[in-house]
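J.: Before I ask anything, let me first share the structure, which is written out below as structure tokens.
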Amino acid sequence: MGDFDKTVGVLLLGLFFNTFLYGLVLYQFIVYKNTTLFQDLTFPEFNDPLWIKALVGTLFFVDTLHSAVAVYSGWETCVTNYANPASLAIVSWTIPFTAVATSVAAILSQGFLAHRVHKLTQDMRLVAVIVSFSVVAFVFGVYSGIRSGILHEVKNFAPLKPFVISWLGFQTAADLSITLVLTYMLARSKTGFRKTDSIINRMIRGAVQTGLFASIFALGDLFSFVLHQDTLLYAMFAYPIGRIYTNTLLDTLNSRKKLMEKADEIDDDDDSDLQVESKGYKMKSASQTFAAPETTVDAKQSVA
């Protein structure tokens, strides 16, 4: 193994993967804008409220800025400080920026998903728990980023560990809480009709993906920072996390059209008493709603 495999090597892997994910963000953002700006006559209700459009725009801006900073980080490490290995012991401003940008992407995405949870459950206690986890993670994340820049050298990172653990721990708790609640509520909604349940299964897969990938990278970031602080392994996980959150949110929004098309196919087949209401997209069987006895699942992923 080379001298720089655990520093420059793993950093570049993280930057490459981040760039790949940013490409997906760009593609999904274009799809979303085309859907909202040039609304399909079949689904004219895809006119999201201003706050959702602003949320998407903000996340895209943060991702674009952070991805540009990530490219600069690779340049700074491999070109500006070429043949200067001592620079690896210094905390570049790109590291604090990454912590702050990731925290912003996380709290915005988790806030949106907490809104979905509220639409599905109408339970403010669950929402309060999720939002509390998210806000605490945001505070610790911003603090960790700013403090890492102040400490200046990697060898001084020891006092930072409790804050990083709290940041990524609460962030993971928020992600997993959202995933568990959405999965549970959707699983309760199964009607017994094959085609209807296929839509629910698609929603469940989306709910699992919502928190799974972000949690894996957050935990990878956490354990690599705590256990391998003398390397840049944590940076390999840290850079892409924000893109994962944005891709999750955009996939949630962009998948609505396919779900509604599937629901229309079910309605056309008339193989159940399923009803599709154009404005609310409330799907009901003769004895059970699509989400739960007291809950309605919206094909727009409960974001209206």
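Backbone N, Cα and C atoms are what each Cβ position is placed from, and that goes for glycine too.
TrEMBL annotations: computationally assigned, not manually curated.
Quick paste of what TrEMBL says about this protein:
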type	residues	note
DOMAIN	172-257	domain 'DUF6534'
TRANSMEM	12-30	transmembrane segment
TRANSMEM	93-114	transmembrane segment
TRANSMEM	126-146	transmembrane segment
TRANSMEM	166-187	transmembrane segment
TRANSMEM	207-226	transmembrane segment
J.: What parts of the chain pack near the transmembrane segment (12-30), using Cβ distances under 8 Å and only residues at least 6 beyond its ends?
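T.: Long-range Cβ neighbours of the transmembrane segment (12-30): 56, 60, 63-64, 67, 70-71, 73-74, 78, 235-240, 243-244, 246-247, 250-251, 254.
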J.: For a three-state summary based on DSSP, what are the helix, strand and coil counts in the domain 'DUF6534' (172-257)?
T.: 74 helix, 0 strand, 12 coil
